[in-house]
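Asker: My questions all concern the structure below.
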Amino acid sequence: MKWEKAAIVMLLLSLTVGMIPASEIHAEAQSPEMLQTSEMQTQDMGEVSLVKGDSLQLTVPDGFQGAVTWFSGNGVRIVGVSKIKRPLADGESDGGRTAGWADMNHIASVEQGMVTAHEKGTAIITATDADGREAQWTVHVLYADPATFPAPESADYAQMRTKWKESIVGKDNDLTNGKVAEIIAGIQTACENEWNTYLYRGQESCPDVPWEAHLKDAKGIVRTKEEYQYDAVLFRKSFVSVEKMAIAYGTPELSQYYKNPELLKDIRNIMDYLTTTCYTKRSQTENWWTWEIGIPKSIVPICLFIFDDVEHEKIEQYTEALMFFQPDPFHEGAIGQASTHAQGYRINKAANLMDCSVTAMGMGILLEDSEQLVMARDAASTQLVLQPAGSRNNGLYADGSYLDHFVVPYINSYGIEFIKGSIKLLTLLGNTPWSLPEEKAAIMNTFALEGCTAAVYQGAALDMFRGRAVARPALSDRKAAADIIGVLLKLADAVDEETSLKIKTNVKNWIVKEKPVFDYMAQLSDIELIFKARALLNDDSIGTSVGTLHKNYPLLDRAVHRQEHYLAGLSMYSSRISNCEIMNHENRRGWHMGDGMLYIYNSDLNQFTDNFWNTVNPYRLPGTTVVPVDIGNGTKDSSGFYQAGDYLSREDWVGGTSIGDYGINGMALNGDTIGNGDGAALPYAPELRAFKSYFMFDDEIVCLGAGISNKDESLPTETTIENRKIKEDNSNRVTVDGETADVEVQKEIAAGWVHLEGNVADSDLGYYFPDKSQKVNIRKVANTGDWTDIGTGSGIASRNYLEMWIDHGTNPADADYEYVLLPGKNEQDISGYADEPDVEILENTKEIQAVRENSLQITGANFWTDGEKKVAEITCDKKASVMMREEGNVLTISASDPTMKGEGLINLVIDRKADQVIAADPEVATSIEGGKISLSINSKDKFGYPSVVKVILADEETPAPGTEPSETPPGEQPSIGNPENPSGGETAQKPGAANISDTAAGKPSGANAENPATGDGADILFYVFGIGIALLSLLVSSLLVPDTINKI
């Protein structure tokens, strides 16, 4: 709003009386504690609306004396953020905050009476004169000029409300359909349970706490009624109960409850109590999320289902506090230092922003407020983008990575919330004046195809992408995947045919494969999804084969290796990604989840689903190298919940490279950990160092460790080979070198191989030890654990495990290990493999770890230090991860800079004769000369993604004719990669164009991509030069074998 318009409003409100001389006005804002105790009556000067960015001069009323102080506030006090998560009393301080009244300068600031509007929200501007007289203006800051907002009819809002309700309870439901009838019955039962236990059912009001059970907190402690009224975590449970009642009230098929006036009366009474006694405009306590995101998730549907049967004033009452805490989806902490989040007012991002955008959409529909719907659309649009690879922003990336809290891989937790909110916004805003741009919908394809399809296996959401959510007993990996299945089923009907087929094939695979342990159809409570899922399962044209892949996620320090009968997941951490997440008392033993943990998923579908995290030994996670010291869990907040117990590494070298369905990874492990920004660094093992590599092929995974050192420690350093949950009767057979081994008690062995009988068919595991003198400890053990040990849930369970580990001793110096995992192999297979292994360990030192897979003709090498070093046919002068694979006469070379530093060129020399380079990524300069292939790779801005080159190998028996030696600078090769999409994701690739990095990584190339030529050009050149060149070649052949260097 322009200043002139605002002035008119002020005149109409009788605000403009006179100007106090500027010399008598104090510009600085002061805390108005004295205003709250003044005996003089505060003069209400009315309400003013300003568009953000505009300013308005306020004028004090007649009678003000002396100097005037100005303050922008909201009438609530500053709260603590650490030990005292409640309003601070006079004299108290906590988390860098001191007692006082919270200011609202982030919404609207005031200086000498000049108000400047900054962001959407409401501020109370108070002027106080020398005698304590007060005048207050309520300033509403608007997102934009209302004239720019769509202005639909009231019927359009009503249609959106109906559409939202139908997404919850369906439309014209066929109760002869058994599953539909079951869901409707579930809605009835949920309502009955809540209504029957409501303490004041049928009474004229709800005078106090509605449900006695809601006084009990997460630790099982019964709180007082006074504590309930101020703890949003407690009274949120009552909102959830009312939501169940409101859904039944709005379900037409439930004649007993649909539009039931007695039910409506109790819903109103409870909401009156909650929104006048508990959820009011006040300072926050405990977890900010509950006030700003959690409770609104219930208030919106409650109001939707009772909207037509209550006065509009009631909807405004029930949403008043919601708009106080969350008026703007672009931001969190609207009430500033009255929020319990340490940052107070801050930019909203990623999944939380999507949640808040859904809330804004709900407010727009309920209050028929176009501004809220515009903000919902615009805020969501800011996040439906692919984040720049090196930004470390929260959100979605081109390779399907999803990062939240800046350092935690969260595809299968916050990522799920992100996609759920996105789908709801896309569907409910579709075909309205607030529709999201079409290109935003395409972003969801990237998340589905590049993220979800690799992060779910046989119906289980991989735990290494779930962060602290693994500590929630009510949210197993399969329940998390069920959420993914639901949103993908909805997305599949809104995308192109090819994308839809890929999505549906994966979803069908997950539903079918997990049926023995988890019936997706049986647990459905969404009527729309019943029909979509059933149609998919009955469609014989859609198969269940998802194929093999190897996918490195360099931005997340994760790798997925999916082969025909198993999936391996690798979880690491670095200076960029935290070891785990310990927050809000959850995942309190997750310290080593990122220490190189190697998950093996196979037909044993319950391995990680059934009470794994509460019973597994947290110091012996498979694949990790640790010192079993008590690390602690950070610090306790005011509720006694641990926060900030996770940390970062000092090491940059974490990552790897890949070719097609195979890949290698490495991790420099450093026990001298550092804080991740959420708290002080935790003491771990400051002198622990190790270099760990993983070489993932078709039916084997080679694990190498070198340079394992520690000192000044009384506990041993251990590498865990296996910690597998086994049968309830402990009967899994363990075979060592062909002999059944009794490992009921710990045993130390030195063997060539070990076989572990699986829990179900096709779930056997094998272990091959190239160095038979390597000593390995093995035992069966029964562990008992309670979910309260690691989170806020509860439930005790006991499970049996087979543990296998290498004890490097106390304070080892340059220790090492080497073993090969053989998933799915039976005893005879493993014995045969040990006699004739497919792999050859070329080097295992703290400078180089390298392996050759003979059947696949793959060589992989991790170079840990700068300086020219050689292993096999590869010479490298920088820290790098390098692979090469020979297929026929084509050699593919893939290399990355796992440090992501991009400092200088990576120079590689491959001792192989070649005819020509047929494809190379643009950052690679190539040359072929003297029987060697030379590559110079500029890894700057590659962020750990590989650079790939393909060459035609020379026929060494009959060398191809030579040409003039030349070098090829970067950027001049054919079939180059896409610099805008370093991961080579399909969504950024032009139709028909082959991205060499994609091809090497096992991703589909363009639709018209063909196999590279194999030397026909050299034959043509031979005949063009004729007999003379041939004779000359024969004459000198005994003295010189020409190398062919083709200029590209």
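Cβ coordinates are placed from backbone N, Cα and C, and glycine is handled just like the others.
Annotation comment: TrEMBL describes His405, Tyr414, Arg468 as active site. Here TrEMBL flags 976-986 as compositional bias 'Polar residues'. What TrEMBL lists as domain 'Polysaccharide lyase 8 N-terminal alpha-helical' is 164-508. Summarising the annotation, TrEMBL assigns domain 'Polysaccharide lyase family 8 central' to 550-825. According to TrEMBL, the region 'Disordered' annotation covers 957-1010. If you look up TrEMBL, you'll see 1-22 marked as signal peptide. The feature transmembrane segment is assigned by TrEMBL to 1020-1041.
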Asker: Cα-Cα separation of Arg468 (active site) and Tyr414 (active site), in Å?
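Answerer: Per the Cα atoms, Arg468 (active site) and Tyr414 (active site) stand 11 Å apart.
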Asker: Give the mean pLDDT for the domain 'Polysaccharide lyase family 8 central' (550-825) on the 0 to 100 scale.
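Answerer: The predicted confidence over the domain 'Polysaccharide lyase family 8 central' (550-825), as a mean pLDDT, is 95.
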Asker: Measuring Cα to Cα, how many angstrom lie between His405 (active site) and Tyr414 (active site)?
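Answerer: His405 (active site) to Tyr414 (active site), Cα-Cα distance: 10 Å.
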Asker: For Arg468 (active site), just count the other CB atoms lying within 10 A of its CB, please.
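Answerer: Step by step: centre on the Cβ of Arg468 (active site), count other Cβ atoms within 10 Å, giving 25.
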Asker: For a quick check of understanding: among the active-site residues His405, Tyr414, which residue's Cβ has the most other Cβ atoms within 10 Å?
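Answerer: Answer returned by the neighbour count: Tyr414.
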Asker: What does DSSP assign His405 (active site), in three states?
Answerer: coil
Asker: Taking DSSP three-state, what's Arg468 (active site) in: helix, strand or coil?
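Answerer: DSSP call for Arg468 (active site): helix.
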